[in-house]
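**Student:** Structure incoming, see below.
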Amino acid sequence: MSQKEIWYETLHANFGQYFSVDRVLYHEKTDHQDLIIFENDALGRVMALDGVVQTTERDEFIYHEMLTHVPLLSHGNAKRVLIIGGGDGGMLREVSRHHGVEHITMVEIDAGVVEFCRQYLPNHSAGSYDDPRFNLVIDDGVNFVRQCSDKFDVIISDCTDPIGPGESLFTSDFYQGCARCLNEGGIFVAQNGVCFLQQDEAVGSHKKLGHYFKDVSFYQAAIPTYYGGIMTFAWASNNPALRQIDATTLRQRFAQSGITCRYYTPDVHIGSFALPQYLLSALQNAQ
């Protein structure tokens, strides 16, 4: 029996995780980053950019459901949604399940990611790239929100970690542009890393977002691939009530949507805003 190739993630210098590689489906350096898609017995197809795992078939639903349904159901009447990043198509798939949404714009810096993922991760997008409400823009996210004249009800930043091309999506320029592009009553959410290991990222985002939004917080979910504990998602709006929607209202909205989820429930939604004390203390000490 031949020994399987081992792929090591390089996100952290002193510790990490590895994956056995059953088969490499694609590996190439695009114009912006090094992209690999391979098969793993336990997690299915795995995509990594610049040595960091972005998504796996086995657990992607947790990430995509939480980053989509929490803001959309909190808003309650989102018509226009902007996705920054999200080239694997999972976020688009979940947003497109909301039939009340009339227009979905996705801004992806790397056209290669979209092409490769449509071919090698078809279950992520599940045909949503063909949704007539969808518009794909190949551009840098910061540049787009700086120049865009359109307004959106929900903005989802499905960004990579703040290294390489994803670094700009954690800057004040980006957050300011997103605030400018939101309609009144709009909500901004973003991937913000595993807070036990990447606490500085959460503190930095909280500080920067606070300059442009009246209500800034985080919510969380545990996603096995993103090891180290709970992953945090940044939340920003100018209406604190949107973060405190009652369970009855959420249940009604969720039932009316007709959406069936594998992770998200209205109760999970409410509980996700309960944060561990170590993060609350770090945010408080940074003020």
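Each residue, glycine too, has its Cβ placed from N, Cα and C.
Marked as active site, proton acceptor by Swiss-Prot: Asp158. Residues annotated as S-methyl-5'-thioadenosine binding site in Swiss-Prot: Gln33, Glu108, Asp140, Gly141, Pro165. Per Swiss-Prot, spermidine binding site is recorded for His64, Asp88, Asp158, Cys159, Thr160, Asp161, and the stated evidence type is sequence analysis. Swiss-Prot lists 5-238 with the feature domain 'PABS'.
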**Student:** If you measure from the Cα of Gln33 (S-methyl-5'-thioadenosine binding site), which of the recorded positions His64, Asp88, Asp158, Cys159, Thr160 is the nearest?
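**Tutor:** Checking each of His64, Asp88, Asp158, Cys159, Thr160 against Gln33 (S-methyl-5'-thioadenosine binding site), the shortest Cα distance is to Thr160.
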**Student:** Among all protein chains shown, how many Cβ atoms are found within 10 Å of the Cβ of His64 (spermidine binding site), not counting that one?
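**Tutor:** So the number of other Cβ atoms within 10 Å of His64 (spermidine binding site) is 27.
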**Student:** Given the recorded positions Glu108, Asp140, Gly141, Asp158, which lie within 10 A of His64 (spermidine binding site) by CA-CA distance?
**Tutor:** Asp158
**Student:** Can you name the residues of this chain that are 6 or more positions from Gly141 (S-methyl-5'-thioadenosine binding site) yet have a C-beta less than 8 Å from its C-beta?
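**Tutor:** Non-local contacts for Gly141 (S-methyl-5'-thioadenosine binding site): Ile84, Gly85, Val107, Ile109, Ser157, Cys159, Ser168, Leu169, Phe174.
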**Student:** Round to a whole number and give the Cα-to-Cα distance in Å for the pair the residue listed as 'active site, proton acceptor' and Glu108 (S-methyl-5'-thioadenosine binding site).
**Tutor:** 10
**Student:** Of Asp88, Glu108, Asp140, Asp158, the recorded positions given in the record, which has the fewest other CB atoms within 10 A of its CB?
**Tutor:** Asp140
**Student:** Name the secondary structure element type, per DSSP in three states, that contains His64 (spermidine binding site).
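**Tutor:** Helix, per DSSP.
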**Student:** Would you count the other CB atoms within 10 A of the CB of Thr160 (spermidine binding site), including those on all shown protein chains?
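**Tutor:** Step by step: centre on the Cβ of Thr160 (spermidine binding site), count other Cβ atoms within 10 Å, giving 19.
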**Student:** Return only the integer: C-alpha distance in Å from Asp140 (S-methyl-5'-thioadenosine binding site) to Thr160 (spermidine binding site).
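**Tutor:** Computed Cα spacing between Asp140 (S-methyl-5'-thioadenosine binding site) and Thr160 (spermidine binding site) is 13 Å.
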**Student:** Could you measure between Thr160 (spermidine binding site) and Glu108 (S-methyl-5'-thioadenosine binding site) for me? Cα positions, answer in whole angstrom.
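**Tutor:** For Thr160 (spermidine binding site) versus Glu108 (S-methyl-5'-thioadenosine binding site), the Cα atoms are 11 Å apart.
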**Student:** If you draw a 10 Å sphere on the Cβ of Gln33 (S-methyl-5'-thioadenosine binding site), how many other Cβ atoms land inside?
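**Tutor:** There are 21 such Cβ atoms around Gln33 (S-methyl-5'-thioadenosine binding site).
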